[in-house]
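Asks: Dropping the structure in here first, questions after.
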Amino acid sequence: GTSRQIPQTIIIGVRKGGTRALLEMLDIHPNIVVAATEVHFFDWDENYVKGIDWYRSLMPFSYRNQITIEKTPGYFTSPQAPERIHDMNSSIKLLLILRDPTERVISDYTQVYYNRVESHKPVQLFEDIVIKNGALNTKYKAIQRSLYDVHMEKWLKHFSLDQIHIVDGNTLIKDPLPELQKVERFLNLPSRIMSSNFYFNQTKGFYCIRSDGRERCLHESKGRPHPLVNNTVLEQLYSYFREHNAKFYRMVNHSFDWH
């Protein structure tokens, strides 16, 4: 009685915002099945040309009463993804998880830093990438990805605001249940995720998952320590994002506790 379904919900981003945590926490719900890997169907041309049947073939088997969810954080910043997703299903529900844009930039740098260290490639200090000739390097990709208002504008050309639910990534890590309950309501699902599904791991410093008699934490690459960043550089980042954040708050009719 199961079949592979095209996702009825997609986690569209943002990179280093907590997409993996959100997906794994939603996987607790009996009415949700999740794709195991990031598919990159709507943002990578070489995958998009393979067609919708190829996309469906990468989805898990599900029952009729279950929602299939995939997550690819690259969708949010992709110029093509909004229109392509709309062409597939104009009434789809989208999940967008965001965190403080400065924290996201540092987390983005941290991931690249560790990847380069593990591949024995040369690394640069955060400050040396972010500051060029004494000014903020606004062309740095990690900074570009944190301009939430710029990217959101593209999505709102194709989808109404009530089709996009924004998850507060900062809150999800500190206190997962309320954020997940909001997602359940947005997806019109019965409330099945409970506080007993989470326990705080002192070693890792964040919540891990308990379901089906199993306990699991996010991959060790999650929650890596961030570099200590020079206060002057932090202030430059806060200052740069302030206006973009204010514009984003107006767009989505919601404020966040960001710098």
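Even glycines carry a Cβ here, placed using N, Cα and C.
Checked TrEMBL, it gives:
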- LYS16: active site, for sulfotransferase activity (ACT_SITE)
- LYS16, GLY17, GLY18, THR19, ARG20, ARG99, SER107, TYR207, LYS222, GLY223, ARG224, PRO225, HIS226: 3'-phosphoadenylyl sulfate binding site (BINDING)
- CYS208-CYS217: disulfide bond (DISULFID)
- 7-245: domain 'Sulfotransferase' (DOMAIN)
Asks: What are the non-local neighbours of HIS226 (3'-phosphoadenylyl sulfate binding site), defined as same-chain residues 6+ apart in sequence with CB under 8 A from its CB?
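Replies: Counting only residues 6 or more apart in sequence, the Cβ neighbours of HIS226 (3'-phosphoadenylyl sulfate binding site) under 8 Å are GLU103, ILE106, SER107, THR110.
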Asks: Between ARG224 (3'-phosphoadenylyl sulfate binding site) and the residue listed as 'active site, for sulfotransferase activity', what C-alpha distance do you get in Å?
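Replies: Pair distance, Cα basis, whole Å: 12 Å.
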Asks: Select one residue from LYS16, ARG20, ARG224: among these recorded positions, choose the one with the most other Cβ atoms within 10 Å of its Cβ.
Replies: LYS16
Asks: I'd like the Cβ neighbour count for SER107 (3'-phosphoadenylyl sulfate binding site), meaning other Cβ atoms within 10 Å of its Cβ, all protein chains included.
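Replies: 22, counting other Cβ atoms within 10 Å of SER107 (3'-phosphoadenylyl sulfate binding site).
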